[in-house]
Amino acid sequence: MASPRTRKVLKEVRAQDENNVCFECGAFNPQWVSVTYGIWICLECSGRHRGLGVHLSFVRSVTMDKWKDIELEKMKAGGNAKFREFLETQDDYEPSWSLQDKYSSRAAALFRDKVATLAEGKEWSLESSPAQNWTPPQPKTLQFTAHRASGQPQSAAASGDKAFEDWLNDDLGSYQGAQENRYVGFGNTVPPQKREDDFLNNAMSSLYSGWSSFTTGASKFASAAKEGATKFGSQASQKASELGHSLNENVLKPAQEKVKEGRIFDDVSSGVSQLASKVQGVGSKGWRDVTTFFSGKAEDSSDRPLEGHSYQNSSGDNSQNSNIDQSFWETFGSAEPPKAKSPSSDSWTCADASTGRRSSDSWDVWGSGSASNNKNSNSDGWESWEGASGEGRAKATKKAAPSTADEGWDNQNW
């Protein structure tokens, strides 16, 4: 990249000596120059000048290349108008020259020497110039075979053009080198030649690189593991110290104080007694549950449903219940309020389980006219029926009035 100073100098030079147009084709605003002659050329003509070789024309870009001070001095010493006027003053100059002939001529060699001498700050004269003895390079001639397939020889012009092309190709090869060395001198370095052992070297370098990466990763892993172990150890020790402190404060110190005060045995005995009472309660409850399950009875008598009224009731346990209501028929037509009585059966005959006595119902006193109060009588209904007119009636007169406890059909108020 051209520096600001370089661009300033080139801008001043462009405004002089017809440098605002291409020296070869006359195109406006040229961006390339031939430093050897100090002339300005366009992009297309710069490619043609590169083909001549650096010994005939050294091409530089106005904006993209770096410039040296000697190159800027050559641009000041040369110029489009100066080079054209110098060529026209030479005896061997011909306007019909080709590009190669023009820059290979003695006149172009003299102007090159003049520009280089003036750029160095020296005086130049035509007589003392070493370019006076300049001989243009001879093109390489083709070696023709003695026997040609065709009888007609090639023309001199065709052979001359072929020789020029061969010479140009050789010159380009010497300047640019091989394909990979084309841009040498433009900031590119020449790559080293490949050898047969490059494959082995590349493999070994890859192996070394992989091993170095592995060692680096292993060292990082080891350092991370060390840090983790250190951190875990510190946390574990901290937790252990906290646990020991808590155990000392909550267990050991209270136990020591109780031992000193003599309360440790009281606490132990109270705890054992509480445990024994809980075990006893749980055991008794479990035994009641087991016995209740196998006996099929309820745990509490209050949980059993009340027995209802029926025509027959022979249960001995019901004789102790004195709060059972009398039925409707037992109090029907009675002027006296109902009284408590011992349980009796509504069946034909019922043995009193509590007293061992038997109470008679309506069949026992059928036809007797009055109820019998002999509770120890073992006669049934048919026996009373037979003695109704005889002994039964006489016995009935001797007995006291029937008790008001006889209800139902035995009541005389019915």
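Think of each number as a place in line: the chain as shown, counted from 1.
Using the three backbone atoms N, Cα and C, a Cβ is placed for every residue, glycine included.
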If Swiss-Prot marks one of Ser125, Ser155, Ser347 as phosphoserine, which residue does it mark? Ser347
What Swiss-Prot calls phosphoserine, among Ser234, Ser284, Ser345, Ser403, is Ser345
Do you know offhand how many angstrom separate Lys231 (N6-acetyllysine) and Ser246 (phosphoserine) by C-alpha? 23
Against which stretches of its own chain does the zinc finger (22-45) lie, if we need a Cβ under 8 Å and a gap of at least six residues from its ends? 10, 14, 56-63, 71, 74-80, 82-84, 99, 108, 111-112, 115
Can you work out the mean pLDDT of the predicted model over the zinc finger (22-45)? 93
Taking the Cβ of Thr135 (phosphothreonine) as centre, how many other Cβ atoms lie within 10 Å? 8
Protein Cβ atoms within 10 Å of Lys231 (N6-acetyllysine), excluding its own: 10
